[in-house]
Structure formats: structure tokens, C-alpha cells
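Q: Once you've had a glance at the structure underneath, I'll fire off some questions.
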Amino acid sequence: MSPYTLSVLMSSLAVGTITTLSSYHWFLAWMGLEINTLAMIPLMTKLHHPRATESATKYFLTQATASALILFSTIMNAWVTGEWTIVNMNHNTSTTILTVALAIKLGVAPFHLWLPDVLQGLNMMTCLILSTWQKLAPMALLILTSHHLNTNLLILMALMSMIAGGWGGLNQTQMRKIMAYSSIAHLGWMVMIMPFTPNLALLNLLVYIILTSSMFSTLMALNSTNMNKLSISWLKTPTLAALSMVVLMALGGLPPTSGFLPKWLILQEMTKQHLNALSVIMAMSALLSLFFYLRLSYTISLTSPPHISNSNLAWRKKNNLQLIPMMITLSMMMMPVTPMLLMMN
């Protein structure tokens, strides 16, 4: 792809997201989402491969359906209440349709089936953009309207996302599908706390973006798309392979990594709301996700494929690793700043 074309598409992604984040009128927010979708599709099809075309088609159909539902719900709300502002969604049917539409946009269960298939057909950089940047605009709309949305519906979708994300990733060997199911499980945690403390959902989104960016950057540096390639990564870059285990533990939510911080605060808030049964289910569903993160860590550190080479170390390619140490440091070191984050909250 031409650098000029790439710069135009990336600028359009930024403009679309910033338009949605800075708008107070539903039509402007919808327009930003559409710019985002239309800028993403050429990035997905730059591989010129049937799988990439299939992924772009699936992505376009799901996002177009969600955009149509958002437009329909906002027009219905404006018809009943006379309000086009985002924070005034007072019509029950409109808020239910809006919740479903944003769930489709984000890939929240039971509308999550498109996400693993779409990610599997893309390259790692496009997967990174789709898993992080493309979550910002729908999540901002969800946070802005959280006080009007149906709490029971959000809790139900969040529980389904946590269970589907953990269960779906158990038998996967492709790294992109594993990261897709990881995204679904993390979205479940964000949606669960949304009706009670939106600030915690925002913190969880920030930590999720840092951890996912670290993992995808590591996979790009190791050139690993499945577990077989991951098992020989320690031959190429032993230090990076060791640090990638720390990122996997952070994604699983083990202390003292940064991934433990949002889970701890969310479970604490849920118990304060006297939702003990939900807290237990959430903690148990986190164990499902932790299992396949541990399996990946085992693959990186304790397995090696049979080879006939007499050399202990494989030929190493010079990688561009400037950002990876900073991302991995953030993945490990956010726990000490918890009191400051709580004061900001």
C-alpha cells in the first residue's frame, strides 16, 4: 500500500474516532463511526488474499448493521422525546436497541462471533488497530449513555462475554483467535462495571489497550501467528520470549502485574454493591481465560520442537523493538500507582 494512501486512511481513523468522542449530537457521533468503518476496510484488504476479503466483508456487514441500529434508535428517541443529544436517551425501546447496536460494534456476546473470524484473516498490525483503537468510539458512547441503559441487559451480556471469551479460547492454536477471545472476555469485565462505576470501565479499557498492544507488538517482533511458531521464539529472542510470558500473565490478571489492577477494583466495587454471586461467577470465568494464557506461557518457556541443528541459537533477525520495552514495563508496573489512580477516580 502506498504511504500516502496509508496516511490518509490512518488520518481518517483518527478523525472518525475524535469526531465521535467530541460530539454531543447523535448524528455527528454516527458520522464518526461511519468514517471509522470506511477507513478500516481498505486497511483490512491490503493483503489481497481471499481470507482478508472475507474478513473485510464480514466486518462491513456487522458494522453496517450496528450503524443502522444506532441510527434507528436515535431517530426513535428524537421522535418521542425531541432530543438529539447523546446524554438524553430516555426512551426504553431506543436504549435497548442502542445497547444491542453498541454490543455488535464492540463484539460483546452474544454478538461476538464475527470477531475471531475477522481477526484471523488480517495481519497483526490491522488486528492491533481493530482490537484497540476501534473500541474507543463505541465504548465512549456506552459510557456516556450508561446511566440510561438497561442494567440487567448489560449484566447478562457481560456474563455471557466473560464465559464465551474464556471458553472459546481454550481449544485455539491460532494467536489471532486467542487474542480475539481475550478481547471478548475483557469487554465483559468493562460492560459489567459500566452501570455502577463508568470510571472503572474506562480504567479497564486503558489497561486492556496497553496489554493488548504489548502482546501484539511482541507477536509481530517474534513473527508468531500460531502456537507452533511461538514454541521456537525463545531460540530467536530469549529475552523477549521471557517478557512475553509476563504480558500473558498480565492479560490473565495475576498479581502483581497491571492486569490484576482493574479486576481487583471491579470485584471490590461489585461486592460493595452486594452482588456477591455475580462476583464469584466473574472470578471463576477469569480462571478460564487464565488457563489458555498459562498454556501459552508453557508453550513459550517449557516446550521446544525437535530439530536436527547442532546450534543452540537460531539465526536472529534485527527487529525494531523501540516501543516494546516501554509497553511491557507498563504491563508490569501499574500496580504501585494504584493509590494515585484511585484518587483520580
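Note: Cβ is positioned from N, Cα and C throughout, glycine not excepted.
What TrEMBL records for 23-288 is domain 'NADH:quinone oxidoreductase/Mrp antiporter transmembrane'. Residues or ranges marked as transmembrane segment in TrEMBL: 59-80, 95-115, 153-171, 202-222, 234-254, 274-294, 323-344. Taken from TrEMBL, the feature domain 'NADH dehydrogenase subunit 2 C-terminal' covers 290-342.
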Q: Grab the same-chain neighbours of the transmembrane segment (59-80) for me: Cβ-Cβ under 8 Å, and only residues 6 or more beyond its ends, written as numbers and ranges.
A: 26-27, 30, 33-34, 37, 40-41, 44, 88-91, 93-95, 97-98, 100-102, 104-105, 111, 114, 118, 130
Q: Return the average pLDDT for the domain 'NADH dehydrogenase subunit 2 C-terminal' (290-342) as a whole number.
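A: In the predicted model, the domain 'NADH dehydrogenase subunit 2 C-terminal' (290-342) has a mean pLDDT of 67.
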